[in-house]
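Visitor: The following block contains the structure, expressed as C-alpha cells.
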Amino acid sequence: MALLLSLVLGSLSGVQLVGGDHRCKGRVEVRYGGQWGTVCDDGWDMNDVTVLCRELGCGPAKVTITGTLFGPVTPKDQKVLLQMVGCDGTEESLSQCEADDDVFNCRHDEDAGAECEFLEIVRLAGGPTHCQGRVEVKFGRDWSSVCKAGWSFAATKVVCRQLGCGRAILTRRCCNKATQGQGDIWLRKALCSGQEVRLEDCLSEVWDHNCTHNEDTWVECEDPFDLRLVGGESRCAGRLEVLHKGEWGSVCDDSWRQAADQVVCRQLGCGEPVSLPVRRRFGRGHGRIWLDEVKCSGSEQSLEQCPHRLWGYHDCDHQEDVTVVCKGQSWGGWVGMGGGAGRGLPLGVSPALPQQ
C-alpha cells in the first residue's frame, strides 16, 4: 500500500549516496526510524533520481543504476527500508513522494542506485589529500585562487563540510612557487557564518583587491571522520574505534556518558543504546588511542561534533577503551554499553531487547 512518506514515515531524516567516486553517485540509502537502510529498485526510475539529486544539492539526474555496483557490500544486518518509491519529479525531497515501507521480497541484490551531475564549485588544490590545499573556486568554466585577506575561518569550516572532510584545522596565507595558483584570483569575498552546508550558501560581495598569488589561501581540514564497533557479533555492538589520518584507534572512557552512546548508535544507524549502567568487554584495542574526554550532549549528529581533547592526547591505556552496545543486539545472556567500568549483567535481570 503506497503511503505519503511525509505523513506516515515522519522519521525519514536523511538521504545519501554511498560508494561512488563523489557524493552525487552511489547506492541509495535513507535514514528512517533512527537507522540507515537501502531502497529497493522496484519502481525506482528517473523521476525518483531527479528528486534525489535535487535534495542532495547535486546537478541534474544522469541515470538510475543498480546499487550493487558500489562498495563496500551492504551489511547483512542493514535493512531494505523502502519499496515502490513513486515521485513525479517535481518534489523537493523523497519525503514528499509516495512509497511503501512494508518491503516485500526485496533483497540487497535489488538495492537502488543513482548518479547525478557533480557540480564542483570549490576544491583544495596542491595538497597531499583532498582535505588540504590551496582554496580554489569555480566561476563559469575557470578555477580561481582566493586571497587570504578576503577569507575567514568560518568559510574554512564550510569548505571542510562541503568536501566531506572532518573539522577545520587552520587557514593561512600561502604559497611557495610550487603550490601557488597560476590563474585568476577570485574577485569576491565570502561572508560565511560557518553554519552553511555549501560555500554557495554564504553571502558574498564584490571585492576589488590587489592580491598576488603569494597571498593565496591555504586550508587544512581533518581527514573524513568515520567510526565503527569491533569485536562484537554485529556492527551495532563492540569496542569503539574512530578513523583519523588513515589509522583506526580507540576512544578513552574518561568523561564518556550515555549521551555519547546515543550519538554513536544514531550515527551508525543502530537505534538507541542499551540503557544499563554496565558494559561488556570486547577485547582490548591495540595501537592508537585517538580521543579522550569526549563530552556529548546527545543531540549531535556525529561524534566528531562532541567536544574532546586534541587528537592523540590522552592519559589512558586500553583498559579504558569505550565499548557500545545498541538496541537490537543480544549477547547470549549478557548485554552491555559504553561508558565507565562495570561488570557483565545477566540478561534475565532486564527485559529482553527487541531484535532489529
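Glycine is no exception: its Cβ is also placed from the backbone N, Cα and C atoms.
Note: TrEMBL annotation is automatic and uncurated.
On a predicted model such as this, the values are computed, not experimentally measured, just so you know.
From TrEMBL, for reference:
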- Cys87-Cys97: disulfide bond (DISULFID)
- Cys147-Cys211: disulfide bond (DISULFID)
- Cys160-Cys221: disulfide bond (DISULFID)
- Cys192-Cys202: disulfide bond (DISULFID)
- Cys252-Cys316: disulfide bond (DISULFID)
- Cys265-Cys326: disulfide bond (DISULFID)
- Cys296-Cys306: disulfide bond (DISULFID)
- 15-117: domain 'SRCR' (DOMAIN)
- 122-222: domain 'SRCR' (DOMAIN)
- 227-327: domain 'SRCR' (DOMAIN)
- 1-20: signal peptide (SIGNAL)
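What's the neighbourhood like for each of these?
Guide: Within its own chain, Cys221 (disulfide bond) has Leu124, Cys131, Gln132, Thr156, Val159, Cys160, Leu163, Cys165, Gly166, Arg167, Ala168, Ile169 as residues 6 or more apart in sequence whose C-beta sits under 8 angstroms from its own.
Taking Cβ-Cβ distances under 8 Å and a sequence separation of 6 or more, the neighbours of Cys202 (disulfide bond) in its chain are Ala155, Val158, Ala190, Leu191, Cys192, Ser193, Glu196.
Sequence-distant neighbours of Cys252 (disulfide bond) (same chain, 6+ residues apart, CB-CB distance under 8 A): Ile289, Leu291, Asp292, Glu293, His314, Cys316, Glu320, Asp321, Val322.
The Cβ of Cys306 (disulfide bond) has 21 other Cβ atoms within 10 Å, all protein chains considered.
On the 0 to 100 pLDDT scale, the model's mean across the domain 'SRCR' (122-222) is 86.
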Visitor: Which of these disulfide-bonded residues has the least crowded Cβ, counting other Cβ atoms within 10 Å: Cys87, Cys147, Cys192, Cys326?
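Guide: The disulfide-bonded residues Cys87, Cys147, Cys192, Cys326 were compared, and Cys192 has the fewest Cβ atoms within 10 Å.
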Visitor: Would you count the other CB atoms within 10 A of the CB of Cys316 (disulfide bond), including those on all shown protein chains?
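Guide: That number is 17.
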Visitor: Just name the winner among Cys97, Cys160, Cys211, Cys265, Cys296 (the disulfide-bonded residues) by count of other CB atoms within 10 A of its CB.
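Guide: Counting Cβ neighbours within 10 Å, the top one is Cys265.
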Visitor: May I ask for the distance between Cys211 (disulfide bond) and Cys265 (disulfide bond), taken between their Cα atoms and rounded to an integer number of Å?
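Guide: Cα to Cα, Cys211 (disulfide bond) and Cys265 (disulfide bond) are separated by 48 Å.
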Visitor: Distance check, please: Cα of Cys147 (disulfide bond) against Cα of Cys87 (disulfide bond), rounded to an integer number of angstrom.
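Guide: Spelling it out, the Cα of Cys147 (disulfide bond) and the Cα of Cys87 (disulfide bond) are 44 Å apart.
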